[in-house]
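Peer 1: Copied straight from TrEMBL:
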TRANSMEM  78-102  transmembrane segment
TRANSMEM  122-140  transmembrane segment
TRANSMEM  152-169  transmembrane segment
TRANSMEM  214-233  transmembrane segment
TRANSMEM  267-286  transmembrane segment
TRANSMEM  338-355  transmembrane segment
TRANSMEM  362-384  transmembrane segment
Amino acid sequence: VDCFYGITSALCLSGLTTVPVEDIPPGGQVVLMIMMLLGSQVVTSSVPLLVKKHRYCRVARIAIDPSDHELEHQATIVLIRIIVIYGVVVHLMGFFIAWLSILCGRPYPRNLIRHNKKTNLGFFSLFAVVSAFCNVGYIASNENLMPFNSSLVLLLDMILLIMLGNGIYPPCLRGIIRLLHHFSKGNTKQACEFLLDHPRKCYTHLFPPNTTRWLLISFFGLNGFEICVIYILDWNSTAFDGLDTGEKIVNGIFQCVNTRSGGMNSVAITGLSPTTLFIFAVMMYISAYPVFLSRQATRQKSVDDEGAISHLSARKQRDILDTTLATQFRRLLAQDTAYLFLATFFICVSVNHGLKHDPLNYNIFSVIFEIISAYGGVGLSYGYSCSLRMEPGYCVDEPVSFSGKWGFTPKIIMIVVMLLGR
């Protein structure tokens with residue numbers, strides 16, 4: 001169950017785990033890294049492009065003339081090349097920055113990884129880069145990135161990778177296509193023009209200009225609000241003990257960006273104020289909303305372009321055409337609330353003994369926080385502390401998620417929650 005749970009969480013972009021990543025053999029960590037790549041937003045969203053490249057559906061063939069069909073095919077090829085180069089360049093750039101920052105940084109974290117953990121610094125850096133870009137949150141160290149909370153270059157590198165792999169991926173993609181359109185000629189220029197004029201016809205994560213601007217505003221707006229909250233409420237909290245002003249600023253940004261999708265830790269989140277943790281839970285809950293709502297709101301334009309709506313039933317046509325943000329938000333909120341309520345109820349029933357006899361570790365908010373983290377594909381967790389137990393008994397602190405202390409049934413429910421969230 002532990003192995004299956006860890007594998008599923010990697011595929012679902014959630015960093016919750018019942019097995020300490022550090023304890024996984026090197027071969028298993030390589031497999032885990034490959035699965036993180038396969039489960040990333042960039043890779044999963046590109047699968048339809050590869051299918052489309054080789055075969056167009058019958059409806060699309062009928063709806064468009066041969067010249068448009070050929071241009072769309074060429075645009076698909078150009079887009080695939082852009083996405084592949086984007087992923088390779090970002091990973092290479094992120095790896096060299098991370099590796100050099102660890103190699104040339106403070107000796108304590110470097111020696112901790114090299115000697116205590118007996119891990120190659122290059123592999124450690126690569127694993128962290130893949131995890132950040134894929135928004136999983138795994139680090140090949142039980143302490144996650146807490147030993148590196150003074151390595152500002154590394155933290156800034158992780159922040160950028162998390163953003164490029166998720167929140168600002170669609171805007172970056174459109175920006176690259178615009179630059180390529182400006183500097184290219186011939187068929188490539190025409191293909192880029194087609195992509196810019198018909199973004200949703202070509203790719204699920206490519207949007208019109210107004211929607212792209214809305215994505216950027218919502219991303220930086222939500223993160224900016226979260227950063228302000230953590231600075232105001234937790235500037236002098238125990239989570240930031242020992243950090244100077246610059247380190248507090250960078251760690252605050254890092255932790256806030258991670259609550260939106262990344263799931264990494266540079267500080268102990270249990271040392272933050274309850275209000276901040278509540279905001280974290282809200283941000284994890286709505287982490288996927290901006291991109292999902294943008295996709296739904298622009299679906300009508302995509303369907304109209306393909307001329308593929310006439311064969312659908314009246315009810316399905318109404319559902320497709322009803323794409324206003326308010327309608328989609330209400331629909332998604334109702335769906336999410338139902339899923340999370342049921343998951344919380346059944347998990348609380350399953351861990352009822354802990355809620356009654358170990359209330360400092362097991363409480364309703366910590367359970368809800370874990371479920372929302374799984375559903376949002378984030379991976380932040382309260383963890384479990386033996387020092388908080390109120391009843392005597394054998395207990396060993398382990399660097400696993402809070403759900404790692406749960407039994408078989410609630411773990412299965414959490415797997416379902418992660419799959420539903422994806």
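Just so it is clear, glycine is given a Cβ too, placed from its N, Cα and C backbone atoms.
Because TrEMBL annotations are produced automatically, they should be read as predictions rather than curated entries.
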Peer 1: Under 8 Å between C-beta atoms and at least six residues away from its ends: which parts of the chain pack against the transmembrane segment (78-102)?
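Peer 2: Same-chain residues near the transmembrane segment (78-102) but 6 or more away: 42-43, 46, 49-50, 53, 109-110, 113, 121-122, 124-126, 128-130, 132-133, 148, 151, 153-154, 157-158, 160-161, 164-165, 172-173, 176-177, 180, 188, 191-192, 195, 202-203, 206.
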Peer 1: Need a quick answer: max count of Cβ pairs under 8 Å to the transmembrane segment (214-233), which of 122-140, 152-169, 362-384 is it?
Peer 2: 152-169
Peer 1: For the transmembrane segment (362-384), what are the same-chain contacts with Cβ under 8 Å, counting residues 6+ beyond its ends?
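Peer 2: Tertiary neighbours of the transmembrane segment (362-384) are 9, 12-16, 135-138, 258-263, 265, 269-270, 277, 280-281, 284-288, 336, 339-340, 343-344, 347-348, 351, 354-355, 397-405, 414, 417-418, 420-422.
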